[in-house]
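Engineer: From Swiss-Prot, here are the annotated features:
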ACT_SITE  His188  active site, proton donor
BINDING   Ser174, Asn190, Tyr191, Arg192, Gly344, Gly345, Arg346, Ile347, Glu348, Ser349  substrate binding site
REGION    125-134  region 'Important for dimerization'
REGION    326-361  region 'Important for dimerization'
SITE      His261  site 'Important for dimerization'
TRANSIT   1-48  transit peptide
Amino acid sequence: MASHSSTLLSSPTFAPFSSHRLHYSPNPSTLRFSRPIRNKPNLALRCSVSIEKEVPETERPFTFLRDSDDVTPSSSSSSVRARFETMIRAAQDSVCDAIEAIEGGPKFKEDVWSRPGGGGGISRVLQDGNVFEKAGVNVSVVYGVMPPEAYRAAKGSASDQKPGPVPFFAAGVSSVLHPKNPFAPTLHFNYRYFETDAPKDVPGAPRQWWFGGGTDFTPAYIFEEDVKHFHSIQKQACDKFDPSFYPRFKKWCDDYFYIKHRDERRGLGGIFFDDLNDYDQEMLLSFATECANSVVPAYIPIVEKRKDMEFTEQHKAWQQLRRGRYVEFNLVYDRGTTFGLKTGGRIESILVSLPLSARWEYDHKPEEGTEEWKLLDACINPKEWI
């Protein structure tokens, strides 16, 4: 997630620059932005991103924001930064509380870290529980500096101004939940906010910002009522803001979670969006909040229904084969994961998305008409579930 040990940038699907199609060079300290600049369509920019090393903490702070962002326990700032941090930490709490309630005993292990110049994060992982094989829910707040080339790439146009290094802020919550029972689906969600400050030597330069995120699920077996329930909750959240959001973001999700070398999707989708700044900022903050608040009602009832179903070794083997696909996507295609691996990110946070166990069999093909085949067919040919 960050170029130097950032939980935020290495979370699944979470790289603040992901919307600008980062490509990676052999040198782990450099990145290439391939978003074309006006009048120079073939220009590939190379730049490094500077972020401080994290420091372990023994307690959760009230906020990870810098003092200059004007946040105190008695007077909460109205800034988008402050409210987004409040939202992602509340989302982390609500999801972890719901998971622990289902587990009936096992608790999340929590790691807290900060950086001397501001920012930090909370990583929570539950492993080998009663219901979940592995569950991770991470939040991060990151301050860093990008070079002027990155700033111009973010603006999407060339400029006569020659700004110096550009400060940026990024915050997000990211989670992957892998249940034990093969009839209970895996869930992934991620919501993030990115903002630049004006370069110090160009104080009038415009501030850039965008939102990204999504919620998607990956079952090993299709229960149509579960799929319809999950997608209906996503649609309800989207429809509160714009009726075009659900069909647009549902297709975006199907396209993003595509395993090219398999010619299939990772799962049965959900919603996904990135680089979203073409609406009112307050509206998008409310939208991201609504989506994050929809995670528990969309997912937990499905797990409650499926967690105690009887299953065979064949069912478990198929679940592990599908988790093999999950591993392939995350390590080969996921922008946040690959960014963290190539730039020295916090490895435990990067790999928290991977299942505890997975399986690969040579030339495995489910028999046509079986429940396993139906799942594979739906991953190859995305459907409209509602």
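Backbone N, Cα and C define each Cβ position, glycine as well.
What you are looking at is a predicted structure, and each value in this text was computed from that prediction instead of being measured.
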Engineer: How many of the residues that make up the region 'Important for dimerization' (125-134) does DSSP mark as helix, as strand and as coil?
Structural biologist: 0 helix, 6 strand, 4 coil
Engineer: Would you say which of the recorded positions His188, His261 has the most Cβ atoms within 10 Å of its own Cβ?
Structural biologist: His188
Engineer: Just the number: how many Å between the Cα atoms of Ser174 (substrate binding site) and the residue listed as 'active site, proton donor'?
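Structural biologist: Ser174 (substrate binding site) to the residue listed as 'active site, proton donor', Cα-Cα distance: 8 Å.
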Engineer: Please give me the CB contact count at 10 A for Arg346 (substrate binding site), counting all chains in the structure.
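Structural biologist: Step by step: centre on the Cβ of Arg346 (substrate binding site), count other Cβ atoms within 10 Å, giving 27.
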Engineer: Fill in the CA-CA distance, His261 (site 'Important for dimerization') to Glu348 (substrate binding site), as an integer in Å.
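Structural biologist: Cα to Cα, His261 (site 'Important for dimerization') and Glu348 (substrate binding site) are separated by 27 Å.
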Engineer: Near the Cβ of Ser174 (substrate binding site), how many other Cβ atoms are there if near means within 10 Å?
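Structural biologist: Its Cβ shell of radius 10 Å holds 30 other Cβ atoms.
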Engineer: Summarise the region 'Important for dimerization' (326-361) by DSSP state, stating how many residues are helix, strand and coil.
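Structural biologist: Going through the region 'Important for dimerization' (326-361) residue by residue, I get 22 helix, 0 strand, 14 coil.
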Engineer: In angstrom units, rounded to an integer, how far apart are the Cα atoms of Glu348 (substrate binding site) and the residue listed as 'active site, proton donor'?
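Structural biologist: Per the Cα atoms, Glu348 (substrate binding site) and the residue listed as 'active site, proton donor' stand 17 Å apart.
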Engineer: Including all protein chains displayed, how many Cβ atoms other than that of Tyr191 (substrate binding site) lie within 10 Å of its Cβ?
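Structural biologist: Here the count is 27.
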Engineer: Taking the Cβ of Glu348 (substrate binding site) as the centre, count every other Cβ atom within 10 Å, in any protein chain shown.
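Structural biologist: If we count other Cβ atoms within 10 Å of Glu348 (substrate binding site), we arrive at 14.
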